[in-house]
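Asker: TrEMBL lists A:Arg66, A:Glu129 with the feature substrate binding site. Residues or ranges marked as Mg(2+) binding site by TrEMBL: A:Glu129, A:Asp156. Taken from TrEMBL, the feature domain 'HpcH/HpaI aldolase/citrate lyase' applies to A:5-223.
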Amino acid sequence: MKLRRSMLFVPGANASMLSTVFIYKPDSIMFDLEDAVSLREKDSARLLVFHALQNPAYKDIETVVRINPLNTEYGLLDLEAAVRGGVDIVRLPKTDRPEDVHELEAHVERIEKECGREVGSTKLMAAVESASGVINAVAIATASKRMVGIALAGFDYVMDMQTERGDGTELFYARCAVLHAARYAGIDAFDVVYGDVNNEEGFLKEVDLIKKLGFNGKSLVNPRQIDLLHNAYAPTEEEVEHSKRVVAAAEQAERDGLGVVSLNGKMIDAPIVNHAIRVLQKAQASGVRK
Amino acid sequence: MKIVKEALAGTLESSDLLVKVAPSPTDTLEVMVQSEVIRQFGEQINKVVRETLEKMGVTAGQILVDDKGALDCAIRARLQAAVLRGADCNKIEWSRLS
């Protein structure tokens, strides 16, 4: 089971962080060539990321590169560096329409062929950051077979909506729309960053909300948030024990030729069994909540 | 490839390096490497610098590398960035950078 709970942003121009960030063990590392890099450092950051991707230290961790939009002078060069460097996933910012994904996919395929990389091996992820992107979320999420995820980017979105970050009310519709698009497309959904890194209580409150909504995980801006997030997403011992009993009861029912079985007076049907199996898979992959 | 103007890339922060390049008055290639870890890793750093410049086809210029304990991947990247800036090169040949 591939977990994508934590996607840690790393500024592409920071050689020190690029050299050490793998030690924090997020589920995915996202090298940022967009907002975190000043205009005059775009070329140097692109080369740093190109070579960092080929560093053996990143062999066992999922790598993501956030390129600049393709309608800028940097976007296509960033994409060349990412695909040729061997990135697992390209994250496209400011995705407003499915055509943005189609354009990206065409370039990725061309670069894969040019550099001898297996066609289709580069996966894609779209970040929606505007009302237009949210409205088109389903079309974006289903725009390519390469799509593995869709992310909501909060700052630009609330600007576009003429509001500001607050208690989450301002993101409610966008979160639900992006999440439904992801589930419809069968891909992962990522929530916005939580920028107040010293506010653990606020961070955990937001994590609790997005976990209940159904997000796979969250984009992170500080390594300190990784363990907090992973622990919050891990199943509790009680959930694991209950899931084991559910699965055991279902297996017994199958051996007995029964379609439906009850556990402690409650009916167990297929969705409940599937949920229990997912809990056990998560526990195996992430451990139990501390 | 020749260095035709002065250029910089990188920083003097830990785990990074600063690369300065300038045109060579004698039309030759002059390389100088300084590093905080020159005793332990000097041979490897010089090898990475030499290979990177060779692969890019740099034949003339003054190259000064001030290393602060950077990994090989950062040395390659900063050196390439400085050379491309100094050579006023807009077209990237990716096969020369791998």
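Cβ atoms are placed via backbone N, Cα and C, with glycine included.
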Asker: Most Cβ neighbours within 10 Å: which of the binding-site residues A:Glu129, A:Asp156 is it?
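Answerer: In terms of Cβ crowding, the pick is A:Glu129.
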Asker: Between A:Asp156 (Mg(2+) binding site) and A:Glu129 (substrate binding site), what is the CA-CA distance rounded to a whole number of Å?
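Answerer: Cα to Cα, A:Asp156 (Mg(2+) binding site) and A:Glu129 (substrate binding site) are separated by 5 Å.
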Asker: Take every residue in the domain 'HpcH/HpaI aldolase/citrate lyase' (A:5-223), average their pLDDT values, and give the whole-number result.
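Answerer: The average pLDDT of the model in the domain 'HpcH/HpaI aldolase/citrate lyase' (A:5-223) works out to 96.
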Asker: For A:Arg66 (substrate binding site), which residues in the same chain are close in space, meaning a Cβ under 8 Å from its Cβ, but six or more apart along the sequence?
Answerer: A:Phe9, A:Met30, A:Phe31, A:Asp32, A:Leu33, A:Glu34, A:Arg91, A:Pro93, A:Ala127
Asker: Please report the DSSP secondary structure of A:Glu129 (substrate binding site), reduced to three states.
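Answerer: In the DSSP reduction, A:Glu129 (substrate binding site) maps to coil.
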Asker: Quick one: what's DSSP say for A:Arg66 (substrate binding site), helix, strand or coil?
Answerer: strand
